[in-house]
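Contents: one structure, followed by commentary.
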C-alpha cells in the first residue's frame, strides 16, 4: 500500500490546481484569447461564434474562447472578472459601463491611426469610440436608436408627429381589449419620461449635456418639463394598458405584436421581431416631437474593447479590428438589426428600405437631435434605479409630477457640483 | 485500536484542508470583504479611491424611507409565505406518506420545482400573472370568477399577493420533503401502542407524531425563515421590487444598491440583514428550547 500522506497530498494538490488553474493551457506557441459578451442571446452568440471562426481561420495559431454569461447579470459578471485583472482579453463594453471600466484602468487604449479600418467607420462611430475620456477605449459595433412602430390597420392613416398627437391617436384606439400605446412602466420606464421632457424643452436643451439646458439649469426645472410629465401620465392613464405599470422590454414588444397595443417606441432590433410575428399592417416613423418641433434621444451603443491586462494585446487588438471591419460589422449589424458602423452600409439596400427608412428620415431631419446622456456623472447608475421607481410612483398616483421633477432637478443640480 | 499519533493528526488535517480552504476562500473571505466594504466609500464609478468613512453608509441606508418600506414588506413576505408553505407542505407530506401506486414517480414530479432556479421560476410566473396575456387571467375569466383582467403585477395591492403565491408554490415542496423525512423517523410501534390504547387518528397525530417531530420542525422553520428572507430571485424576476417599491424586500433593496454601483451601501444593507437574522435566530432558538424544557 502506498503512503496515505502522499496520496492525500496528491489529491489536495490536484484539487487546488483544477480549482484555481487558469485556462492558459494548450499547445506551446498557441495563443488563446478569452472574450466575453454582455448582451447575450442565442442567435447573437451563434453569429459571434461564426465571426470568431473566420478570425481563427485568418490567423492560424490563435484561438478565441467566447464566454456568454446570461444577459441579466452579464455586466456585473464582467465587472467581477475585471476586478481580478486576470484571464480576459476582449470584452463587450456598453455605453454605460465605458466610464467606470476606463476610470478603473481596466481598458487599453486602441490604436486608431495605423489601422485602415478607422477611416471606413461612420462619423458617429468614430465619435462614439472616443466619447469617454477622449481615447478609443472601444470600437462600437452598432447603434440603437428608437423609432415609432405603429399599426396601419388600427384606424391610423398617418403616424403621430408629436407627443400630443400620439396621446390623441392612442386615446382613440383605446377600446375594451385594445390600447393605443405600449407604455413602459417597469425597468427603463424613466427613459421615456426623459425623452418627452427633453422634447418639450425644445431648443433650450444642451444636446452635449442633455440633462441640462444651455443656461445650465436642469431640464427638469422648467414649466415645459411639468407639461411633458403631465402628458406622460395622461398617455398612461388614457391610452395604455393598466397592466403596463410593470411592463419592461419584452411585454412592450409582445403587446404590440399580439395586437393589444397600436403603437410602440423601441430599438431597431424589434423590426425583426415584428416581421417574424405575423403582423402585416405596420410601419415605422421617427419618434414624436415636442410643441416646438424638437425631438431628442441618445443613441445607445456598445462595442468591443481590449483589457489593459491582456497577455496578448497585439492579437486582442487585431480581433477587435477584425470585428469592426466592413464585412464583419455589417454582418453583425444585419444579424442583430443594428444601425451599422460602416460607411459601406449606406449602399446596402437593407438599411434604406422598409422599416429602416424611418432612421434615414430621422438622420436627415435637423430637429431630430442626438444627445449625450450624463453617463459619465457619478450618480448616473443610481439615477436609473431611482427614477424608474419614481415613474411607477407617479403613474400609480403615489407621487405628483411636481414632487418627482423637484427630486430629479435636485439630484442633477447636485451632480453638476460633483463633476465641476 | 489505533492510537492518535501526531502523524495521524497531520493526515487528518491534510484531508480536511481542501474543504477548509474552499470554505474560507469562497464563504468567509467574501463575507469579511463585504463587511469591510460597508465602512468604505466604495462606488463602482471610481474604485481607485475607496476611503474609510465610518458609519456613513449605515446612516444613509437608515435615513431612506425605501429601506423601512422594504423592511416592513420583508415581514409580510416571510410571514405569509412561511405560514402557507408550512401548512400545505405538511398536508402534502401526510398525503405522500401513504402508500399508493406510482408514489415514487409522483413524489419526483412534486419535488421537481425545488430543483429549478428561482429566477427562472420568477420569469415563468411573471408571464403567467401578466395582465394582458397571462394564463392566470385567462383561466379566471373562463371560469367566470372575474369579469375584467387583473393587472396582478401592476397594482401595488396585487403585486405582493402575486409574488407570495409564487413563493408558496415554490416552497411547499421543501417543507414536504423535510417533514416527510421527519415523519419516517417516528417509530411504528408508537402508533400501534396508541391504537391499542384506543387513540383516534387525530389524537395519534397530536400526541405521537407532533411531539416526535417538533424539534425537527423548529429547525426547518428557522432555516426556511432565513432562506425566504434571503430569496430575492423570485421578486426580482417578477416585479423588480415594483410597482413603486411595493414588493421590495431588504434583499431586493440590496440588489438595487449593487446595480446603482454603490457597493458600500450594499455592504451596509448586508450587514444590517445579517444582524437582524442573528438577533432573530437567537431569540427563536431560545424560545423553542424553552418550550422543549417545559
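Glycine residues also receive a Cβ, built from the backbone N, Cα and C atoms like all the rest.
Here is what TrEMBL records for this protein:
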{"type": "DOMAIN", "residues": "B:71-284", "note": "domain 'ABC transmembrane type-1'"}
{"type": "TRANSMEM", "residues": "B:12-31", "note": "transmembrane segment"}
{"type": "TRANSMEM", "residues": "B:76-96", "note": "transmembrane segment"}
{"type": "TRANSMEM", "residues": "B:108-128", "note": "transmembrane segment"}
{"type": "TRANSMEM", "residues": "B:158-183", "note": "transmembrane segment"}
{"type": "TRANSMEM", "residues": "B:204-229", "note": "transmembrane segment"}
{"type": "TRANSMEM", "residues": "B:266-285", "note": "transmembrane segment"}
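Counting Cβ pairs closer than 8 Å to the transmembrane segment (B:76-96), the top stretch among B:12-31, B:158-183, B:204-229, B:266-285 is B:158-183.
Long-range Cβ contacts of the transmembrane segment (B:204-229) within its own chain (Cβ-Cβ under 8 Å, at least 6 residues beyond either end) map to 74, 77-78, 81-82, 85-86, 167, 171, 174-175, 178-179, 181-183, 185-186, 190-191, 194-195, 249-251, 273, 277, 280-281, 284-285, 288, 292. Most Cβ pairs under 8 Å to the transmembrane segment (B:158-183), among the stretches B:12-31, B:108-128, B:266-285, belong to B:108-128. Residues 92, 96, 134-136, 153, 162-163, 166, 169-170, 173-174, 176-177, 231, 233-239 of the same chain, all 6+ positions outside the transmembrane segment (B:108-128), place their C-beta atoms under 8 angstroms from a C-beta of that stretch.
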